[in-house]
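K.L.:
Pulled the feature table from Swiss-Prot, pasting it below:
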DISULFID  Cys43-Cys112  disulfide bond
REGION    21-43  region 'Framework-1'
REGION    44-58  region 'Complementarity-determining-1'
REGION    59-73  region 'Framework-2'
REGION    74-80  region 'Complementarity-determining-2'
REGION    81-112  region 'Framework-3'
REGION    113-121  region 'Complementarity-determining-3'
REGION    122-131  region 'Framework-4'
SIGNAL    1-20  signal peptide
Amino acid sequence: METDTLLLWVLLLWVPGSTGDIVLTQSPASLAVSLGQRATISCRASKSVNTYGNSFMZWYZZKPGZPPKLLIYRASNLZSGIPARFSGSGSRTBFTLTIBPVZABDVATYFCZZSBZBPWTFGSGTKLEIKR
């Protein structure tokens, strides 16, 4: 999937916490992690987002005043230019975004998104902060 096409769809359909046929439950809502430690964010779909052997789950990072940035596509594939500190895993209904180690620049809100069925839907977001 080309990044430009995906970004256009995301910008057109960006409705955090929206609901459709598939509901995404993201947790935790907020997370404070020390620099250098691991952050783990979970996303559970109300039904499987697997089709033809692919898991249609994406992860985005959003910072104030910036468009969402694609980190992970199809559950575990790292988008070009994204550091290997970011990784995705999971299948069917249960997915995880891991950031290890966390850096100061990772302060943001992270969203899961399913692209298996129209309308594409998003989780409600996880706000990552640095523990002082």
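Using N, Cα and C of the backbone, Cβ positions are placed for all residues, glycine too.
Can you tell me where each of these features sits in the structure?
P.N.:
Over all protein chains present, the Cβ of Cys112 (disulfide bond) has 30 other Cβ atoms lying within 10 Å.
On the 0 to 100 pLDDT scale, the region 'Framework-1' (21-43) averages 97 in this prediction.
When the region 'Complementarity-determining-1' (44-58) is classified with DSSP, helix, strand and coil residues number 0 helix, 8 strand, 7 coil.
Listed as Cβ neighbours of the region 'Complementarity-determining-2' (74-80) (distance under 8 Å, sequence separation of 6 or more from its ends, same chain) are residues 3, 54-58, 86-91, 95.
Within the chain carrying the region 'Framework-3' (81-112), a Cβ under 8 angstroms from the stretch's Cβ atoms is held by residues 16, 24, 26, 33-50, 55, 57-63, 68-72, 75, 122-130, all 6 or more beyond its ends.
Here the region 'Framework-4' (122-131) has Cβ contacts under 8 Å with residues 14-18, 24-35, 39, 41, 43, 62, 99, 102, 104, 106-113 of the same chain, all six or more residues outside its ends.
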